[in-house]
Amino acid sequence: MAFEFKLPDIGEGIHEGEIVKWFVKPNDEVDEDDVLAEVQNDKAVVEIPSPVKGKVLELKVEEGTVATVGQTIITFDAPGYEDLQFKGSDESDDAKTEAQVQSTAEAGQDVAKEEQAQEPAKATGAGQQDQAEVDPNKRVIAMPSVRKYAREKGVDIRKVTGSGNNGRVVKEDIDSFVNGGAQEAAPQETAAPQETAAKPAAAPAPEGEFPETREKMSGIRKAIAKAMVNSKHTAPHVTLMDEVDVTNLVAHRKQFKQVAADQGIKLTYLPYVVKALTSALKKFPVLNTSIDDKTDEVIQKHYFNIGIAADTEKGLLVPVVKNADRKSVFEISDEINGLATKAREGKLAPAEMKGASCTITNIGSAGGQWFTPVINHPEVAILGIGRIAEKAIVRDGEIVAAPVLALSLSFDHRMIDGATAQNALNHIKRLLNDPQLILMEA
């Protein structure tokens, strides 16, 4: 009987995912924990590892297709594993295959296989298993995170006796084994990605007087659409548009750009804006709130996490700079660059897109100026930044050319009054006009 592997519950309340890429094809041989596919939901790209060792029989879902949790996505010829899917509630409900899923951003690398060849080592404690009795072909039931934890601790997981359901190895088993005096395991081998399955043939060109095509919305695009509609239907938006002379800011960045580069950091204007917005959230706490629409309660946030909207090929993602009030401009700049790279590569972990106090969105990178950004509900404000353009301004009674930054602040009028929003925007402008104040006040 073939082993049918169903799309597992990957948490975060996600019930479906798009098969972005298959790393295996029919007739490929796979081991436990070899990466089978990348699945993209509205939170992140997730790697799906194999729960069995065997041969791939059939890919049930093509690349680019959305599969639902519980749907069979691949079948294996896996002798000895056929009963794994019929173990009953103890196994399926407790682990529910979600234990076999690992976020690419959380892991930071592909799931690795355990080294098959190990040299016997001397036992040094009561908890040590007899090294000579280890079966190199022993099948181990364990979460990828537990396997990774075992590798980090230098433990050959095949030597550990599992205490979980059906002999599943848990972290506590690894700790007990280590406390018993385990020797370091041999270096691991990284599972090499296998050839991808052939892509389906391109759809025929549309014909007729008004040619059209239809395609399913991606998981990320559906999530964006739902969030935008919910925000506009829930929060009465008002947008203030202003501009600020950033002559001193441009000079300050130029002065410290090389200092940052010497530390491997690309210094942009965005971290200055993050610090200015953080200062505004402190000075005007109403901007750092949200409304519980079910209980009609106001939630005051006592943390300062700034979301940074990032434009990617697959849609808009919002990674979050945590505790921006405790970080320097250099630290924030480095973190933003790292998060932006992850966003473009589709490797953001769900945890890296949670917990924002307020969000910044940058239309200036696309050459825009003023716009009406949509609030990232349940936040109550969003700061939009446009391009820096040379403009004629009046300074000391004279008309001079100066770099001017366009700013747009959208706010939820249920929580924030217009004057309060303008005062907050004025505070941001003051700090960006004189970046020395960021050191003093932000």
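Sequential numbering from 1, following the chain as shown.
Including glycine, each Cβ sits where the backbone N, Cα and C put it.
Residues annotated as active site in Swiss-Prot: HIS413. Every protein chain shown contributes to the tally, and the Cβ of HIS413 (active site) ends up with 14 other Cβ atoms within 10 Å.
Summarising the annotation, Swiss-Prot assigns compositional bias 'Low complexity' to 182-208.
Look at Swiss-Prot and you will find 2-77 tagged as domain 'Lipoyl-binding'.
As annotated by Swiss-Prot, N6-lipoyllysine applies to LYS43.
According to Swiss-Prot, the region 'Disordered' annotation covers 84-136 (among others).
Look at Swiss-Prot and you will find 182-215 (among others) tagged as region 'Disordered'.
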The domain 'Lipoyl-binding' (2-77) - residue tally per DSSP class, helix then strand then coil: 0 helix, 39 strand, 37 coil
Averaged pLDDT, computed only over the residues in the domain 'Lipoyl-binding' (2-77): 85
